[in-house]
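Participant: Sharing the features that TrEMBL gives for it:
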type     : residues  : note
DOMAIN   : A:129-421 : domain 'NADH:quinone oxidoreductase/Mrp antiporter transmembrane'
TRANSMEM : A:34-58   : transmembrane segment
TRANSMEM : A:79-97   : transmembrane segment
TRANSMEM : A:117-150 : transmembrane segment
TRANSMEM : A:162-186 : transmembrane segment
TRANSMEM : A:206-231 : transmembrane segment
TRANSMEM : A:238-259 : transmembrane segment
TRANSMEM : A:271-292 : transmembrane segment
TRANSMEM : A:299-321 : transmembrane segment
TRANSMEM : A:368-385 : transmembrane segment
TRANSMEM : A:405-429 : transmembrane segment
TRANSMEM : A:457-477 : transmembrane segment
Amino acid sequence: MNLLLAAPFIVPLLGAAATLLLRRTPRSQQTVSVLAVSAVIAAAAALLVVTADGTVLAGQAGGWSAPLGITLVADPLSALLLTVSAVVLLIVLLYAIGQDVGGLSRAIPQVFHPVYLVLTAGVCLSFLAGDLFNLFVGFEVMLTASYTLITQAPTRERVRAGMIYTVVSLTSSILFLTGIALVYGLTGTVNLADIAQKLGGAPAELRTVLALLFLVVFGIKSALVPMHFWLPDSYPVALTRISAIFAALLTKVAVYAIIRTQTLLFGRDDISTVLLVLAIATMLVGILGALVQDDINRVLSFALVSHIGFMIFGLGVGTVAGIAGAVIYLVHHIVVQATLFLVNGLIRQHVGHTSLSAIRGMNAVSPKLALFFFLPAMSLAGLPPMSGFIAKVALFEAGVAAGDWLALVGVAAGVVTSLLTLLAIFRVWTRAFWGEPMPDMVEARSQLRQGANRRGLRFMTATTGVMVGIGLLVAAVSGPLSEVAFTAARDLVERQPYIEAVLGTGTQ
Amino acid sequence: MSAPGLVLVATVAVLYSSGFYLLLQRSLMRVVFGIIVLGHAANLSLMLTDRAITLPPILTGKEGAISDPLPQAMALTAIVITFGVTTFLLALAYRVWLGDDNDEVPDDVEDRRIGRLSEPEDSS
């Protein structure tokens, strides 16, 4: 069982080493990284099957028993997110390979594969870490990989944006370390389950301060308003495939960390009001930002900030239904956000840029692209029967059931945000996809079709299509999905299954 | 608290405050130095969690008279991480310098756009 828990981050790390050695043969490099990420999917799916009924799997590295050794834990929440993330990681990887095969990318592919696999390992370790310090290490592995990815194919602009991104992320990492020091000083342990038990006896004020500190740490990384300022400046500048994977996963890992620490370590009374207020602010500020952007990439980045608010809202409500809604929203959003960024990348391939004021009539240039944009965009806005609708209904129901006035304000803000999202998307749609295409766009398109990179482009379109399909699939399997989400939420609220699974294995 | 412990507390306080001060400067090099100083502060505060900090970490014969090894192990890992990232940050700062011939932190793109919007149209 230990092996299954360790595989999701060991395999990609080994793969990273292998791809580094294979840097002179791009084809074998691509094969190795696809195989490694596929192995992660297999391991994650196995973990999901085992944990779907609410079982919490805990493994102790090296046989050192729970509070002393390094603990790896998979509960329904982490297994579910691990599986979805792995699938998205594979598809973006295939997209990137398509881009390289077709010579459509100017990045240096030798570096891309090892770093991408390290990123995969970091994401997986963050989901599986059973103690604070390994969570920190997982985050650092993931972020260090992301620092190098965001500055790939370095233009002047990208280096500047990368600098801002790196400094902001590092600041939050240092605060994270400070938080770990404070928790260790207070409880004498970094094991999450052990802290959960020991922190209960700490003074309430200290608990609140620690909860706020961790909220700031992960809030910076998950781009909660008012700590979101770095995201719309850095994501749109990076290569498309990289901003796609960042938008899909990095902020979500931080949201996962917020959910994990706030539910397990701190009681729900500590800062649930703060969470709700931040969630409402995030929803509204983000989407208002999206409404005034000219670049599609920036519209999507601001929409990303806005929709982080929905997940935090679910956590702020704090009931089983609320957290389950947040979990469904996480899954939906990982898939949809990645899809939209990939479509955006295709638009850029077709016409060279993504500025709304200069594109017109994409619909006529490529009807397929219009469809690929339309479906996930409608899901993002929350139109039935898409996955976004299901996730939002779950959240709003939980908010109304909670009955708290702030939760009701949150529901209202959520409805307004959904309408504004629709407006933002409508704006993109009318400007970029409607109307007569500009002559130079048609020309660029026909050149692209005849060029030597036709195969790569077709491959990229196909992978994006698969991604759109997965978005529809999320809606189709919403029954089982919400079952798993509710099981995960119940485990999170009860806390006992997690604590028992970790501390029960070998403390005696 | 013992005297060495107090010295450590004061050091951590000074490091944090000067680190954040440097982080808020406009020169990129100072920002990098701020990160380095803050990294040290965080690593030292990990060490501070050990109440028996003055004692040796390895048994010398007397039982019970050792300091807690876990904060030291964690600080070691954290030092490696901050060191690696600092190197990358220096490379980035150098790159920015090469590109622009200065290392001033740019204004927020959005800020500048909004600033332009508020300017009267006929001013140009």
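For all residues, glycine too, the Cβ spot is worked out from N, Cα and C.
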Participant: Does the transmembrane segment (A:405-429) reach the transmembrane segment (A:34-58) with at least 3 CB pairs under 8 A, where each pair is 6 or more residues apart?
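Facilitator: Judged by the Cβ rule, the two regions do not touch, with the required three close pairs absent.
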Participant: When you check the transmembrane segment (A:34-58) against the transmembrane segment (A:117-150), do you get at least 3 Cβ pairs under 8 Å, counting only pairs 6 or more apart in sequence?
Facilitator: yes
Participant: Using a Cβ cut-off of under 8 Å, list the residues of the same chain at least 6 residues beyond the transmembrane segment (A:457-477) that approach it.
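Facilitator: Same-chain residues near the transmembrane segment (A:457-477) but 6 or more away: 87-88, 91, 94-95, 97-99, 101-102, 104, 331-332, 335-336, 338-339, 342-343, 345-346, 349, 368-369, 371-372, 375-376, 379, 385-387, 389-390, 448-449.
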Participant: Honestly, do the transmembrane segment (A:162-186) and the transmembrane segment (A:79-97) touch, with at least three Cβ pairs under 8 Å and pairs 6 or more apart in sequence?
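Facilitator: Since fewer than 3 Cβ pairs under 8 Å link them, the transmembrane segment (A:162-186) and the transmembrane segment (A:79-97) do not come into contact.
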Participant: Same-chain Cβ contacts of the transmembrane segment (A:299-321) under 8 Å, 6 or more residues past its ends?
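Facilitator: Result: 222-225, 228, 231-232, 235-236, 243, 247, 251, 255, 258-259, 262-263, 268, 272-273, 275-276, 278-287, 289-290, 293, 327, 329-330, 333, 337, 340-341, 344, 356, 380, 391-392, 394-395, 397-399, 401-402, 404, 407, 410, 413-414, 417, 421, 424, 427-428, 486, 489-490, 493.
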Participant: For the transmembrane segment (A:206-231) and the transmembrane segment (A:368-385), decide whether they are in contact, meaning at least 3 CB pairs lie under 8 A, counting pairs 6 or more apart in sequence.
Facilitator: no
